[in-house]
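Each remark here refers to the structure printed beneath this line.
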Amino acid sequence: MDPGGLETERQPLDGSCKWERPTFAWSWSIIGPGLLVCLADTDAGCLLVACQSGSRYGYGLLLLQICLIPVLFMAQDLTVRLGICTGKGHSACIREHFGPRWCWFATTLLLVECVVAMVSEMSGVAATGRLWGMNPLVSVVVASFVIIGAVLGLSYRQIEVIGVTLGAFEMTFLITMLYYHPSVGSMLQDALDHVADPEYMKLISANIGAVIMPWMIYFQQSAVVARRMRTCTEMDQERTGTLVGSITTQLIMIGALVTLAAAKSGNRDLKSMEEIVRAISPAFGVVASKVLISMAFLGGSLCAAFVVALAATWALCEAASLEDAYALEQSPTDAPFFYGSFLSVVVLGALVLLSGVNTVRLNVWVELLDGILMPVAVGFLYLLAISEVVPEPVRVKGAYKWVTGCVFTIVAAISITTAGGGFISEHLKDTQIIG
């Protein structure tokens with residue numbers, strides 16, 4: 001082995017070493033930010049949507065979930081390239097290359113979105129507790145203490161392992177899917193049965209618009225920096241982890257969809273975990289159904305709660321140029337702004353939920369905020385990834401540049417349209433009620 005070659009591989013990627021074209025590399029190091037953030041993408045809200053899709057339209061959206069795998073990977077892959085090449089998070093890159101005003105505009109939208117998303121994650125925790133007869137107040141308070149305690153007392157790497165472990169519980173839907181093992185013929189037939197249904201087309205748009213969550217972009221780029229990833233090998237390993245995560249999260253969505261489609265419960269409008277449990281109880285029994293559904297929804301909610309709160313905290317610190325990317329390695333007294341911001345996001349989300357907010361209306365606002373922020377976050381991500389900020393061998397260029405740009409443009413347009421349509425529909429309903 002050439003000692004010089006090994007030494008070059010371990011040098012920081014700061015321009016002093018040779019850059020190589022990104023590829024894929026397999027090792028246990030792929031269990032990192034990419035896998036964690038993709039598991040967080042399949043939170044309680046997404047699982048409920050997948051269950052509703054299967055219950056209402058059978059296997060109609062199955063092919064869509066498969067097609068969304070490369071879309072998700074394209075976005076998260078760029079965060080890996082930028083994080084390793086620049087050594088800075090997404091907000092820091094926007095601030096440096098587009099100015100403080102654009103940075104604060106995007107960061108402010110992200111903070112609001114993350115607080116609202118935290119409410120959604122806490123509602124998933126509360127729903128799981130309610131399934132077992134637990135008071136929502138107790139469920140939310142315990143979950144908040146667990147999240148805050150973990151961040152205060154553990155390193156980022158330890159938090160990452162906990163988050164991935166929690167997210168892995170979502171794979172219980174793969175077990176239920178394999179149990180039902182529907183025929184391929186019935187799944188293909190369903191994929192073509194509802195194309196003329198307006199509600200079906202609306203659901204397709206919602207799934208496409210939500211495949212890239214803005215907080216995922218901010219989290220993974222900052223997490224790559226926090227992990228001190230600097231080498232070509234680490235880039236290849238993290239890209240592999242991101243690909244595995246993209247496939248896994250869509251498989252979980254497929255598992256939830258197929259499970260409820262195969263259950264054929266007769267309830268085409270599932271709105272709660274209790275209804276999902278009743279739908280699969282004939283096959284698994286009441287207790288086993290409650291355990292399986294609780295594991296998936298609680299794991300997804302807690303995994304996403306860690307990611308959402310850290311994404312908001314890192315973005316705020318980067319926008320304000322306060323404290324460094326390695327604050328998780330410091331004590332609260334050494335990084336008070338970081339830990340104070342994290343605490344504020346978690347506590348505010350819990351308080352809003354416990355205040356009795358209308359979660360249905362809240363989800364409309366989440367969709368609206370996502371629709372506004374996603375094109376902004378993806379737009380900056382794309383512009384940075386094709387610019388000289390990234391060294392030439394790692395830069396997005398050629399045919400991939402144009403394909404990525406077209407995909408992002410389509411997803412952004414659908415995201416804005418879906419969000420605006422949902423907001424207008426909710427407003428019209430309110431007007432009719434008042435009238």
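Placement of Cβ uses the backbone N, Cα and C atoms for every residue, glycine included.
All TrEMBL annotations are machine predictions without curation.
When the ranges 103-125, 402-424 are checked against TrEMBL, the one recorded as transmembrane segment is 402-424. Per-stretch counts of Cβ pairs under 8 Å to the transmembrane segment (57-75) identify 240-263 as the leading one among 132-154, 161-180, 240-263, 372-390. Between the transmembrane segment (240-263) and the transmembrane segment (132-154), fewer than three CB pairs separated by 6 or more residues in sequence fall under 8 Å, so the two stretches do not touch. Between the transmembrane segment (372-390) and the transmembrane segment (291-316), fewer than three CB pairs separated by 6 or more residues in sequence fall under 8 Å, so the two stretches do not touch. The stretch with the most CB contacts under 8 Å to the transmembrane segment (132-154), chosen from 200-219, 291-316, 337-360, is 337-360.
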